[in-house]
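J.: The domain 'G-protein coupled receptors family 1 profile' feature in TrEMBL is assigned to 53-231. Taken from TrEMBL, the feature transmembrane segment applies to 12-34, 46-66, 86-105, 125-148, 176-194, 214-233.
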Amino acid sequence: MNKKMQCPNTYLLSWLALSDLSFGFIAETNIYLLANGAKGRLYGTYMFHTLHSILILTLLSIERYLAILKPFYYKAKVTKSLVAKLLWIILAFTAIVTAPSYYLLGNGYNMLEVCAKSKLDEIATIGYLAALLMISITVPGVVMCSCYTRIIKHVWFSDEAKNAKNKALLRSRWKLTKIFIAATIVFAVSWSPSFGKLSAKSFRCSERFVLYEAIYILLALLGSTANPIMYSFRCSGFRQAVKELFSKKCCRKHRINSRKSMPDSVTGRRPRCDQTRQSDVILLSVRKT
């Protein structure tokens, strides 16, 4: 990773894109195994990358909440170093939580057959998947909905926001609102079906489950693709930040000027710089009083 990342938000989005890319490779491998009638799937690895992407999405929603509703705290406390530490913690947490899935769900061609398991193993599998459902879908979903709902409420219904008449500001608010609503819907639709293994054993051991499995993998694959595409098409700042992020040769003067003029990755607004040449957090709406 290029150390000259523009801001914590771009850093998070870049990690999300890499995580989604890794997940896409695993999902396509499972689809290939499914299409060729293989008994095994990369279920353990699939669950690892699923949880990893979801937790980064959750961290991104918290980062946006702090940037827009608590800008002074965000500017003082939220740094690339802090975000990097949190991402490594997420990676370690994901590895620990998904480790049992390699045994209970199997991984590879010699996967343990779910339908041939003992009753004790079946109970352990269902219990583990229920816990994983809470960690991967329920808790992140509540956090994301809470953060994005508060942001939308602030940018539209705060006292000062109601009096705003600037057309450019209103367009930016609509853009932000659409992105957050779309991100929440995509999250719910694309990731929730992956936990259909919690259904009755009679369904999981039937031929119909193979079709369901193909559908939920495709939905998750589309969901992992949607986020970077959504941000790329709707946020010019994200596109420019990614270009700067992966540029191999860039003189120091150009990098400094680029930081000064780089729009925010989500809002598209250009940052103002203080005397220390550090960019202020750009808000889409009036700051909280």
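Quick reminder: no glycine exception, Cβ is built from N, Cα and C everywhere.
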J.: Summarise the model's confidence over the domain 'G-protein coupled receptors family 1 profile' (53-231) as a mean pLDDT value.
T.: 81
J.: How about long-range neighbours of the transmembrane segment (176-194): same chain, 6 or more residues beyond its ends, C-beta under 8 Å?
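T.: Residues packing against the transmembrane segment (176-194) from afar: 46, 50, 54, 57, 61, 64, 136-137, 140-141, 144-145, 148, 151-152, 155-156, 212, 215-217, 219-220, 222-224, 226-227, 230-231, 234-235, 266-267, 284.
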J.: Where else in the chain does the transmembrane segment (214-233) make close Cβ contacts, counting only residues six or more beyond its ends and a cut-off under 8 Å?
T.: 13, 16-17, 20, 23-24, 27-28, 30-31, 34, 50, 53, 57, 179, 182-183, 186-187, 189-191, 193-194, 196, 239, 242, 265-266
J.: Near the transmembrane segment (46-66), which residues from the same chain, at least 6 beyond its ends, have a CB less than 8 A from one of its CBs?
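T.: Residues 8-9, 12-13, 15-16, 19-20, 22-23, 26-27, 30, 73-74, 78, 83, 86-87, 90-91, 93-95, 97-98, 101, 105, 132, 135-137, 140, 143-144, 147-148, 150-151, 180, 183, 187, 191, 194, 220, 224, 227, 266.
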J.: Which residues of the chain, 6 or more past the ends of the transmembrane segment (125-148), have a CB below 8 A from one of its CBs?
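T.: Apart from its flanks, the transmembrane segment (125-148) reaches 47, 50-51, 54-55, 57-58, 61-62, 64-65, 97-98, 100-101, 104-105, 114, 117, 180-181, 183-184, 187-188, 191-192, 195, 197-198.
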